[in-house]
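Asker: Dumping the structure here so I can ask a few things about it.
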Ligand SMILES: Nc1ncnc2c1ncn2[C@@H]1O[C@H](COP(=O)(O)OP(=O)(O)O)[C@@H](O)[C@H]1O
Ligand SMILES: CC(=O)OP(=O)(O)O
Ligand SMILES: [Mg+2]
């Protein structure tokens with residue numbers, strides 16, 4: 001059995017899954033939240049039917065000052081609620097790393113040098129890479145004898161052509177400071193575009209799809225024949241769609257103006273755009289459930305935030321349709337994309353003239369799993385396909401380790 005433990009370390013949360021790769025089966029999963037903010041909260045789920053010696057859910061509150069503590073909480077979850085890590089020892093640990101820059105485009109066994117590189121790339125993903133690295137350090141301390149593998153969000157987008165990844169600025173400045181677009185959420189876009197081909201029963205090579213990964217962070221990706229040809233996040237995960245707390249696209253002169261006229265420092269601008277913008281900044285709520293509830297209750301700011309959010313997604317759908325030349329499927333995924341039916345409807349409203357017709361009943365049906373939500377008369381398939389970044393990371397990790405061991 002090839003069991004892989006997957007770690008997805010965020011700035012304030014740590015998500016994990018223990019996965020039997022050969023059977024594509026999750027044995028356990030969990031999350032430790034509010035790291036570094038006083039009392040943290042942990043959930044551990046031992047997969048299996050409820051109320052049996054297997055299936056059990058566990059919630060707890062702990063002091064979680066850092067990722068090392070979060071790792072300990074996870075180990076307690078396994079020890080107390082199973083499955084036993086002695087019985088299912090991981091052969092490797094797979095880590096999500098957000099920014100791999102131009103250095104990493106394959107899953108990579110983590111050495112000291114790789115860690116130095118991940119650290120150096122932190123300025124290009126300030127919310128993510130430092131947390132990813134902290135998770136790696138914690139995991140290496142707890143599991144010193146198994147290989148650790150980094151799977152990069154940027155890797156899938158290395159196929160973007162120069163026309164898509166170049167910013168139109170002085171090329172010498174760009175080269176000197178490595179300014180270009182990288183794109184993120186690649187592990188998800190890759191998994192979902194493959195699952196889409198499977199769902200449609202069509203060869204990946206012939207499909208042109210637009211994948212909309214709408215979670216806390218959000219990005220769109222144009223995928224042609226299984227390869228990313230354009231994506232909405234850029235040099236950092238700040239560009240593109242409106243997100244929970246991130247602004248997405250804006251005129252760069254806004255920053256100059258705030259610096260010159262309002263005396264904003266670099267740190268203040270960073271905090272404004274990454275943590276106080278997006279639907280939180282516009283509508284007062286970062287969480288889509290709260291935002292929709294507020295708008296339903298008559299909150300005008302929340303309603304405008306939703307309009308801006310959907311307007312931006314629609315613009316990208318149009319742009320990527322033009323880049324692809326033909327669209328076979330538009331695919332929603334991640335927390336918002338998989339669960340927020342009204343948001344899906346708003347994002348694609350008014351596109352009937354382009355052959356994109358969402359069926360309201362199919363869209364709102366309480367189904368899970370991959371499903372079609374377009375009407376029978378829609379020329380473009382509109383689908384919801386759940387992402388599974390952890391499974392994709394586990395598969396890639398097992399492949400690297402399997403390869404390394406002959
Ligand atoms: N049932 C739901 N209805 C609407 N939004 C939801 C629902 N469930 C989750 N979400 C939203 O999904 C987002 C989180 O997405 P997720 O993909 O888990 O993000 P991340 O991986 O970046 O933490 C939140 O905005 C949350 O409100
Ligand atoms: C890259 C990125 O934005 O990731 P997340 O959505 O997990 O914040
Ligand atoms: Mg995510």
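Backbone N, Cα and C atoms are what each Cβ position is placed from, and that goes for glycine too.
Straight out of TrEMBL:
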{"type": "BINDING", "residues": "8, 389", "note": "Mg(2+) binding site"}
{"type": "BINDING", "residues": "15, 213, 214, 215, 216, 217, 287, 288, 289, 335, 336, 337, 338, 339", "note": "ATP binding site"}
{"type": "BINDING", "residues": "96", "note": "substrate binding site"}
{"type": "ACT_SITE", "residues": "153", "note": "active site, proton donor/acceptor"}
{"type": "SITE", "residues": "185", "note": "site 'Transition state stabilizer'"}
{"type": "SITE", "residues": "246", "note": "site 'Transition state stabilizer'"}
Asker: If H, G and I count as helix, E and B as strand, and all else as coil, what does DSSP give for residue 287 (ATP binding site)?
Answerer: coil
Asker: Taking the Cβ of residue 289 (ATP binding site) as centre, how many other Cβ atoms lie within 10 Å?
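Answerer: If we count other Cβ atoms within 10 Å of residue 289 (ATP binding site), we arrive at 12.
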Asker: To the nearest Å, how far is the Cα of residue 389 (Mg(2+) binding site) from the Cα of residue 96 (substrate binding site)?
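Answerer: It is 9 Å, counting Cα to Cα.
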Asker: Select, from 96, 214, 216, 246, 389, each of the recorded positions with a Cβ positioned under 6 A from at least one atom of ligand 2; if none does, say none.
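Answerer: Among the recorded positions listed, those whose Cβ sits under 6 Å from ligand 2 are 216.
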Asker: What does DSSP say about residue 246 (site 'Transition state stabilizer'): helix, strand or coil?
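Answerer: DSSP call for residue 246 (site 'Transition state stabilizer'): coil, neither helix nor strand.
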Asker: Looking only at C-alpha atoms, tell me how far residue 246 (site 'Transition state stabilizer') is from the residue listed as 'substrate binding site', rounded to the nearest Å.
Answerer: 20
Asker: Would you count the other C-beta atoms found within 10 angstroms of the C-beta of residue 214 (ATP binding site) for me?
Answerer: 27
Asker: If you count, for each of the binding-site residues 8, 216, the other Cβ atoms lying within 10 Å of its Cβ, which residue has the minimum?
Answerer: 216
Asker: For 153, 287, 338, 389, listed as recorded positions, tell me which one has the smallest number of other Cβ atoms within 10 Å.
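Answerer: Lowest Cβ count within 10 Å among the recorded positions (153, 287, 338, 389) is 287.
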Asker: If H, G and I count as helix, E and B as strand, and all else as coil, what does DSSP give for residue 96 (substrate binding site)?
Answerer: strand
